[in-house]
Amino acid sequence: TAALGEETLASASSSSDSDTGGASPPPRKKHRASAAEGAGEPGASAVVTGLTGVVLGLATHSQATSAIHFNRSIVNNLSSSMQANGAGQGQETGDLSCLNSAQNGESSSAGHSNGLLSSTDNGNSGGTSNGASTGPGPGSMAGSTSSNSELKKKKRLTQAEEDVIRLIGQHLHGLGLNQTVDLLMQESGCRLEHPSASKFRNHVMEGEWDKAENDLNELRALMHSPNAIVVSSLWPKPETNCRMKFLLLQQKYLEYLEDGKVLEALQVLRGELTPLKYNTDRIHVLSGYLMCSHAEDLRAKAEWEGKGTASRSRLLDKLQTYLPPSVMLPPRRLQTLLRQAVELQRDRCLYHNTKLDNSLDSVSLLLDHVCSRKQFPCYTQQILTEHCNEVWFCKFSNDGTKLATGSKDTTVIIWQVDPESHQLKILRTLEGHAYGVSYLAWSPDDTYLIACGPDDCSELWLWNVQTGELRTKMSQSHEDSLTSVAWNPDGKRFVTGGQRGQFYQCDLDGNLLDSWEGVRVQCLWCLGDGRTVLASDTHQRIRGYNFEDLTDRNIVQEDHPIMSFTVSKNGRLALLNVATQGVHLWDLQDRVLVRKYQGVTQGFYTIHSCFGGHNEDFIASGSEDHKVYIWHRRGELPIAELTGHTRTVNCVSWNPAIPGLMASASDDGTVRIWGPAPFLESQEADGLNENCSNMDS
């Protein structure tokens, strides 16, 4: 038993040494010694208590049964001793850890703006730095291992993750959260921009132009863009001949002029800008600014914000474009990416029909963009039944406040659009068109309206919409066929023609200004240049005619008759209704067929389609199957088929000012006004919910 007690004592002693971490660092031993001398160490008391139990056990027990009780006592006492030692050491280690962390934090604050890098690193590297360790030994090793693994994880950032961190940092920096940026960069181990770039940025924003020029020499080695340096063969020093230096000196020159330092500005112009031999035309313009009498005149002529943060920030944005992203990020890169994402979602949205707003403040970045079909003009809002025969044409005015409809009943009805309810009511009726009205054209200012008849009509009527008076009734010959008309952008002339070979240019009084012989016109359109007139003819083509120099050229060639066409506002795209083929989209500039839209039934009736919606993203057309078809301009399949008419739909017109309003004219004698569904349930109850089948692809 005595031998067992000695062995147990030795084991307890070695266990105590190993539990306390073996050979601990000298400061920790000194600290523990002082603590034991001063207030007494709980671990030492527990060991003494354990030894007392051993002595008592040796003195009072000699039997085997006593030895068993003796061993149990040793185990219990040693356990309490280890717990006491662990608690004491954990408290001491926590105190030391906090102290070391604080000391390290103070020392690191001089090197970092927020002083958080060193304290964070030390806090993670120590196994018990948080003071929460329950004891030494394997637990401490596990904590150290997990901390090291965390550090390794932080260092293993992918390129995409680093890019995201830099983008976030740039955005936060723009918001003025510089301390947050410092912490983010320190904790992630990333770098927002190269130190040379940071120095260059500061010098530019502070207007220290000489230092900024010197910074360019450091940045030269970092520039990999082929457009970064523009070397002149006439100047032997490529480091002085770069686009960035020219921009810097230009800002320096303008600021000198604004401050009234004319001599210094002249020295920059002659001694620094001119020797670059770069953009000499701009140098001539800059020299003219010397004649400006005051600062306001200079800012106006140079289109410059003046000396200060605004102009220097704009300069820095230009300079950043010549630096690779690894050195300095492009300006406001995160906002650019977010804006592109929002625009892409809008482009992919089949029913997006609201004003395009490039500001991120108008959208939520937390949700994907989606527009409901209920917001789209798929539902009949009003049925106009005032015509008593087939309605051949309809057209909204350019300002969207009126709708003109022409019918076989020889009348033109002008409708007023209520700006709030979007309901239409009759404004006036224009009568006397003996052959009926098959085509209408509003003047650019919506003051006049021209009405044309079918093939056997040799007359056209020019009405004053404001007064309801007939200003001109034009007829050059009874053998003419004037079936189409188009206004010149100046509003003072128009062109008209027909399939019998007439092609005239006239003034508002019907006087003939020019004519083109032998052109059998099916449809006409005047381009925005005021000189070119597009005309589809009986040769299945569209040609451009210039009445000033009497030249013409072929633009579009189809394989089937072009029954009608219309042109987009920018004059780039043409929408054709082709006999037996349907609706085709052409690029007039590149002279190529862009797209063929499917679904519509087109024979040899004249059907008029249109562009519509905000940015003219949509295309609508009537059809011989009694439907109205709507396509997104970039898709061949219809996104909506509107039913309700009972005969051929001859014409569709989209309101240019109210993108959610559309009109269709039909041989059934009605004009339908289409709009969004304000209350779907009530529309279903009233039977107004027309079929708007979704043909999404």
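Any Cβ shown, glycine's included, is placed from N, Cα and C.
Just so you know, TrEMBL annotations never went through curation; they're auto-generated.
If you look up TrEMBL, you'll see 83-112 marked as compositional bias 'Polar residues'.
What TrEMBL records for 124-140 is compositional bias 'Gly residues'.
Feature annotation from TrEMBL assigns domain 'CTLH' to 193-264.
Residues or ranges marked as region 'Disordered' by TrEMBL: 1-43 (among others).
The region 'Disordered' feature in TrEMBL is assigned to 83-157 (among others).
Feature annotation from TrEMBL assigns repeat 'WD' to 384-418 (among others). Residues of the same chain lying 6 or more positions beyond the ends of the repeat 'WD' (384-418) and with a Cβ under 8 Å from any Cβ of it are 424-442, 444-446, 449, 451, 454, 463, 465, 608, 647, 650-658, 661, 663-673.
Marked as repeat 'WD' by TrEMBL: 430-461 (among others). Restricting the average to the repeat 'WD' (430-461) gives a pLDDT of 94.
Per TrEMBL, the feature repeat 'WD' maps to 642-674 (among others). Note on the repeat 'WD' (642-674): residues 353-354, 375-385, 387-396, 398-401, 403, 405, 407, 417, 422, 424, 605-614, 618, 620-624, 626-630, 690-692 of its chain, located 6 or more positions outside it, place their CB under 8 angstroms from a CB of the stretch.
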Legend entry - the repeat 'WD' (384-418), counted residue by residue under DSSP: helix, strand, coil: 0 helix, 19 strand, 16 coil
